[in-house]
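Asks: Here it is, the structure in full.
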Amino acid sequence: MPGDVEGCQHLKLKPADVENYQKICTQIFSCHFVPRRCSTCKRINKRSIRCLSCHSVGCLWGHHGEEHAMEHTHMIGVDVKNGHTYCFGCQDYVYQTELETLRFKIKNIKAWQSDHKRLPEKYNQMVCLEAYRKYPPVCATAGLRGIQNLGATCFMSVILQSILHNPLVRNLFFSGFHTSTDCKRPTCMTCAIDDMFSSIYNSKNKSTFYGPTAVLNLMWKLSKSLCGYSQQDGHEFFVYLLDQMHTESGGGTSMPCTCPIHRIFSGSLKNVVTCLDCKKERVAVDPLMDISLDINEPTLQGCLERFVSKEKVQYSCHSCGSKNAIKQLVFDKLPPTICMQLKRFEQNNFAMSTKIDKQVSYPAFLRMRYNFNQDDVDYQLYSVVCHKGTLDTGHYIAYTYYQNQWFLLDDTTIVEVKESEVLNSQAYLLFYHERQILYSDEMTVKTEN
């Protein structure tokens, strides 16, 4: 297990690197003039990385930055939009204390703002960064903060954002169901999540972003599969996080579980097998923590209908011995919060993982029915996780609904966006919460962000 939670194996700072980083950040945050055009394709891109070792600029998603890095062994670069450090060897943003401290100081020095009036002649060919910022920057506020990338941890950040903006989870932690100051466990993930809620929703906290070092340290200690700086899957971390908090909140193995985490995220799914000859049914009920959908339809509704559609199976009937049967999945109980995974990663005939880039449309409001004859349940979309790039060289971003407005969260960067952008994005994970929650027979509470 790594002994340090910052940097990466490729980030070995030299004095010249720190000096170059200071110059790049000064250009970004003082005069807003910085080389943004890719040195190879000459295009201006949303994500451009400037080499820390030389003056080359490469587009991130066009792979020209990566080609330069591999050719010259210049693995470390700087995002010209925000000054964050990017490693082409790890294929993700990385965190280093000295550089991040320097970036933060430069960003807040007001004296540099007038320097653009005295730019040397060589800067005439540079591109004004402000002219190509699609959206105005959003100031962090209580409840809305970016999460720092500590080195290939964007998969973790997007899931933490979905947890932070789930109104049921938020109310659960605000109710004091678990407080880190009272917990006696030496290692407790729920304590780390409680501290995260306290920090991010604290109006007196003036930090523009949150550093999830405690969550990362605990994840490395408690989960071998998620340990290290290699590329990880956001859905796998989501499943791990719920299971860990379920265990720490007193949840057992018997189902249905009544722990607070399962009350929010867990439902049940019926697996019904019907013999085609004698019509006898075999019914098995399994817990439902999320829904993994094959991308065979252009809409989410179509994918859900395919998920519960009947299919012929080979089955040995205990009553008549027939081998012919029909299997169907039925939503037995729908949870207050649903996570839907669009299965974008699959293995081909050569046992290699590939990514499916097919577009699937999904609504802001979703109506679902369970157990055939039950009433419909209305859900509202509150968080979307997207995976950019390829399986091995990708990056996670999230959209979240907060105070009646959608925001794009890209590590520490926060921008306000229109709902149309969210609904047109290529989603990997969709998070819906029930629009109306019945806490008891006498009380109905609406969940509103």
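Cβ coordinates are placed from backbone N, Cα and C, and glycine is handled just like the others.
Straight from Swiss-Prot, here's the annotation block:
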type	residues	note
ACT_SITE	Cys154	active site, nucleophile
ACT_SITE	His395	active site, proton acceptor
BINDING	Cys8, His10, Cys87, Cys90	Zn(2+) 1 binding site
BINDING	Cys38, Cys41, Cys59, His64	Zn(2+) 2 binding site
BINDING	Cys51, Cys54, His68, His74	Zn(2+) 3 binding site
BINDING	His178, Cys183, Cys188, Cys191	Zn(2+) 4 binding site
BINDING	His246, Cys257, Cys259, His262	Zn(2+) 5 binding site
BINDING	Cys275, Cys278, Cys317, Cys320	Zn(2+) 6 binding site
DOMAIN	145-435	domain 'USP'
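For each feature listed, report its degree of burial, its nearest neighbours and the pertinent distances within the displayed model.
Replies: Annotation note: Cys154 (active site, nucleophile) sits in a helical segment as assigned by DSSP. Counting Cβ atoms from all protein chains shown, Cys154 (active site, nucleophile) has 26 others lying within 10 Å of its own Cβ.
Here the Cβ of His395 (active site, proton acceptor) has 23 other Cβ atoms within 10 Å, regardless of which shown protein chain they belong to.
Its Cβ taken as reference, His10 (Zn(2+) 1 binding site) is surrounded by 16 other Cβ atoms within 10 Å in the chains shown.
There are 22 other Cβ atoms within 10 Å of the Cβ belonging to His64 (Zn(2+) 2 binding site). In three-state terms derived from DSSP, His64 (Zn(2+) 2 binding site) belongs to a helical segment.
For His68 (Zn(2+) 3 binding site), the count of additional Cβ atoms within 10 Å of its Cβ stands at 22 [all protein chains shown].
When secondary structure is read from DSSP and collapsed to three states, Cys188 (Zn(2+) 4 binding site) falls in the coil class.
Every protein chain shown contributes to the tally, and the Cβ of Cys257 (Zn(2+) 5 binding site) ends up with 17 other Cβ atoms within 10 Å.
Within 10 Å of the Cβ of Cys275 (Zn(2+) 6 binding site) there are 21 other Cβ atoms, across all protein chains.
Note on the domain 'USP' (145-435): mean pLDDT across this stretch is 88.
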Asks: Centre the Cβ atoms of His246, Cys257, Cys259, His262, go out 8 Å, and tell me which other residues of that chain have a Cβ in range of the Zn(2+) 5 site.
Replies: Ser249, Gly251, Gly252, Thr258, Pro260, Ile261, Arg263, Ser266
Asks: Just the number: how many Å between the Cα atoms of His10 (Zn(2+) 1 binding site) and His64 (Zn(2+) 2 binding site)?
Replies: 19
Asks: Compute the C-alpha separation of Cys87 (Zn(2+) 1 binding site) from His74 (Zn(2+) 3 binding site), stating it in Å without decimals.
Replies: 9
Asks: Tell me, if you would, which residue among Cys41, Cys51, Cys191, Cys317 (binding-site residues) has the fewest other CB atoms within 10 Å in the structure shown?
Replies: Cys41
